[in-house]
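Feature annotations, courtesy of TrEMBL:
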REGION    1-30  region 'Disordered'
COMPBIAS  1-11  compositional bias 'Basic and acidic residues'
REPEAT    174-216  repeat 'WD'
Amino acid sequence: MAPKKRPETQKTSEIVLRPRNKRSRSPLELEPEAKKLCAKGSGPSRRCDSDCLWVGLAGPQILPPCRSIVRTLHQHKLGRASWPSVQQIGAGGSITGLKFNPLNTNQFYASSMEGTTRLQDFKGNILRVFASSDTINIWFCSLDVSASSRMVVTGDNVGNVILLNMDGKELWNLRMHKKKVTHVALNPCCDWFLATASVDQTVKIWDLRQVRGKASFLYSLPHRHPVNAACFSPDGARLLTTDQKSEIRVYSASQWDCPLGLIPHPHRHFQHLTPIKAAWHPRYNLIVVGRYPDPNFKSCTPYELRTIDVFDGNSGKMMCQLYDPESSGISSLNEFNPMGDTLASAMGYHILIWSQEEARTRK
């Protein structure tokens, strides 16, 4: 078992966005120009294949926004929507984790602040409740599902993690962290490998075949701040973590107890903001994450935009930034389709769809 001591960190060069004009101007003068600015990139450190979504996006020129499909969710009221919608349960009932059923795409698993982790369909029918706290003081914050092992794993706000099979049988229920478990992730290639992230400032890696108690983890990865997410790369060989302030880390299976690289990045936590989580591209070694400009961040510049940032997974260098002037909110969650040529970004009531084809035609 690796030691719990904080690993030595590596210094990486921070990314600086420079204003286009050094002359001091008022915010009203700068606002029209800021809205026109879409992206600046430092160029890729390693060129991807020709059909990569981001090829041609990085470079010294300003990138015009690619076409986005924006759905204003509050305009589609329950019973009037032309596409499936899930009924809400009111204040305090937000969904904290969502996974399609890999065996039936008309169903999905959801964890929520209602205090349950359940399987339901798009008609609102609850098919099975896998975990229930039976108290308003405990709720579920994360979940993941494995089709090959037929397992469901979920974590709650007091540090417990529950492993169940898809028939609803509980295999074990253990307190694995001192505080809220913000994220659970099964390795896509070795689904007996589990990563858990917590606001107790640690990420832990477990072998599900050897879990005997809270001290039976394989590795404990300490962080400087609470952690929003820990997700494995598509090949299962690396782990991406996002803290609640200004750091993204990349770990490798060859040395779990020490990060390969640290990426300084502003995404500070705010009580009423969906936690920002960095994600992997499904086919290329790229990391995508929403930016929440922070005046206390070292490289912050005046009137910095709330962009979607893309980094090289090896070097940590900025590849490019995406920005739509019509939707300038904070992108908390970003998800690619399986082919990696379409990116969906969640911004409050809006969902933006960034497509590869539109990006090429608007270059």
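Just so you know, glycine gets a Cβ as well, placed from its N, Cα and C.
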For the repeat 'WD' (174-216), find every same-chain residue at least 6 residues outside the stretch whose CB is under 8 Å from a CB in it, and list them.
141-146, 148-149, 151, 153-161, 163, 222-232, 234-237, 239, 241, 244, 256, 275, 277
Let's see if you can do this one: DSSP helix, strand and coil counts over the repeat 'WD' (174-216), in that order.
0 helix, 20 strand, 23 coil
